[in-house]
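Sequence annotations record features per position, and here TrEMBL assigns domain 'SAM-dependent MTase RsmB/NOP-type' to 177-566. Summarising the annotation, TrEMBL assigns S-adenosyl-L-methionine binding site to C275, A276, A277, P278, G279, G280, K281, D299, D326, D435. Annotation source TrEMBL lists region 'Disordered' at 373-392, 403-423. Here TrEMBL flags 383-392 as compositional bias 'Polar residues'. According to TrEMBL, the active site, nucleophile annotation covers C486.
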Amino acid sequence: MDSSERYCYKPTLQWNPQVQDYLVKAYGAQHFSRISKALTYPSCYTCIRVNTLKSTSDDVIDKLRELISERMTPVPDDLVEDVNDPATVELQSGIVSKCQVPGLDYVLFFKGSGPHSIDYDACTSDKPLKEVIVSRKCAEAVLRGAQVYVPGVLACSANVEKGDKVAVSVAIEQLRPDGGWAVGITRGIVVQGSEADPQFIERRGLYIGEGTAALSRAGMFRVNEGVAVDMHNRVFKLPSLHGVLEGEIFLQNLPSIISAHALDPQPGERIIDMCAAPGGKTTAIALLMKDRGEVVATDRSHNKVRNIQKLAAEMGLSCINAYKLDALKACRRCVSDDKPVLYSSDDLPVQTSELLRLTMEASLAILDVKSNGDEKHHENESDGNTNHGVYTSKASLRKSIRKMKNGPGRNQSIGGRVENSKGFPPDSFDRVLLDAPCSALGLRPRLFAGEETLESLRHNAEYQRRMFDQAVQLVRPGGVIVYSTCTINPGENEGLVRYALDTYNFLSLTPQSPKLGGPGIVGKCDHPDGHTEEWLRPGEEDLVQRFDPSSPLDTIGFFIAKFAVGPKVSGLQANISNLETANANLEQ
């Protein structure tokens with residue numbers, strides 16, 4: 001085998017066959033082939049949003065350029081593409097530059113480069129390369145600029161010592177005889193590097209770079225954390241800005257920033273971000289409002305809500321109120337005022353040291369009495385054969401004592417608690433952003449897509465419709481709803497728009513600004529099981545934004561739809577209105 005064909009990066013994205021046929025129908029074979037290839041590459045720039053409350057774009061550019069001179073070699077001029085489309089990002093003026101789109105001058109682009117051909121030193125010799133095989137998730141992070149960390153290592157050549165130069169390849173899921181997908185590499189195996197190696201063919205075209213082993217082979221499989229390979233020669237050379245200028249900048253994909261602009265938030269308004277984690281869009285909205293008004297951020301994960309709170313504090317934003325709340329339960333019609341119904345994760349305040357001491361003493365006394373009691377009596381109690389009360393096991397008591405002794409825990413400690421909301425009343429928000437959980441088939445780089453099936457994609461669409469129903473209830477008449485996803489699946493994008501317009505006659509698509517994405521998909525798809533999936537109708541395609549990963553913008557796959565909310569009509573009134581319209585048509 002030609003080493004240039006083997007030791008290279010030319011991945012082929014694997015899809016579920018039915019999903020692939022469906023997407024080919026939506027995009028056409030050639031277009032889908034371009035999208036599929038683009039998804040295996042990362043964007044060749046990092047998008048940075050400047051916190052305008054704390055800094056300016058010029059100040060951040062100066063600081064980043066200073067870091068560049070310390071850490072990096074500038075990108076050669078011949079690696080910077082000539083961009084002629086005025087709607088695309090401008091990257092020629094240096095490694096770090098401002099976005100040239102009007103109104104987005106606080107967005108910066110940090111230019112990278114790739115894909116590069118790598119000359120692996122050992123390829124020309126008879127001695128096999130020393131290799132490290134990493135998991136797919138690890139490889140996708142490395143392609144975006146990360147190092148190889150210990151948890152991501154699957155296999156390694158024999159006799160790899162600290163300081164050795166190693167080639168890094170990735171293990172991708174393979175189709176099994178039973179139709180499922182699995183990685184054909186067992187963690188910890190020795191990579192032979194010869195054609196007799198069972199995994200030899202699997203690694204063809206999946207080499208992501210070269211690095212220096214930070215640990216020996218034994219160390220990579222003995223420790224649980226730390227850097228395993230320090231990457232110094234990568235297929236894609238992208239800047240790593242982890243921990244850089246915290247509070248002044250936030251790394252965010254360009255379409256996500258556009259979705260916050262499409263919402264057009266105004267100072268003094270009340271806005272809800274229904275699926276807010278990790279907080280990028282929430283903070284972008286707050287900045288556009290100049291931190292005046294209220295941005296309600298909700299997520300059903302306690303820790304994610306805490307992260308939103310931390311991000312808001314880090315960026316100095318005071319208008320953000322974050323709550324733990326399932327988006328499917330965001331609207332509660334039993335609420336009588338404009339405040340969320342809140343309840344604490346603990347009914348009682350954190351115990352004082354004196355109360356804690358007394359409670360522990362009482363629990364220990366109970367534990368001592370029960371430990372000296374009759375075990376048979378306890379068994380009878382646990383079986384429900386007595387009326388003396390519910391039996392509390394010694395294990396449960398010990399667990400309670402440990403909890404009291406160690407404190408309430410990180411998530412419930414002072415400064416670590418979040419408010420749980422039971423929902424908000426109808427029509428209580430001026431604008432609603434629903435960046436819905438989705439199949440994420442637009443995220444880049446992506447090295448495998450076979451896990452999604454037509455059934456799972458359809459389930460996602462149904463889930464998103466239920467969330468959208470909640471958004472419609474929360475927004476006031478005259479308000480705005482922005483719906484967005486990071487997937488290329490039309491059923492989760494145009495299909496949701498069709499559902500919204502057909503279900504709610506007071507909703508209408510409205511133009512977005514800025515408009516950088518392309519048009520939506522018009523038409524429908526007839527599935528083999530008889531289900532028909534309807535998308536946009538002629539005239540609606542230019543009122544949405546679809547970001548194509550294969551376009552010159554070089555973004556992730558993304559979709560944005562903006563709805564204007566007209567006067568809401570009750571079910572009875574809607575029926576009467578429909579009957580009146582039908583009668584008028586008959587008379588004509």
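Note that Cβ sites are derived from N, Cα and C of the backbone, with glycine treated the same way.
Predicted automatically and left uncurated, TrEMBL annotations should be read as such.
Note that the structure is predicted; figures quoted are calculated from it, not measured.
Overlay of TrEMBL annotations on the structure.
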residue: C275; record: S-adenosyl-L-methionine binding site; Cβ neighbours (10 Å): 21
residue: A277; record: S-adenosyl-L-methionine binding site; Cβ neighbours (10 Å): 23
residue: G279; record: S-adenosyl-L-methionine binding site; Cβ neighbours (10 Å): 26
residue: K281; record: S-adenosyl-L-methionine binding site; Cβ neighbours (10 Å): 24
residue: D326; record: S-adenosyl-L-methionine binding site; Cβ neighbours (10 Å): 16
residue: C486; record: active site, nucleophile; Cβ neighbours (10 Å): 24
Among C275, A276, A277, P278, G279, G280, K281, D299, D326, D435, which the record lists as binding S-adenosyl-L-methionine, the farthest-apart pair of C-alpha atoms sits at a distance in angstrom of 19
State the Cα to Cα distance, in Å, between G279 (S-adenosyl-L-methionine binding site) and C486 (active site, nucleophile), rounded to an integer. 15
Distance from D326 (S-adenosyl-L-methionine binding site) back to the residue listed as 'active site, nucleophile', taken between C-alpha atoms, in Å: 20
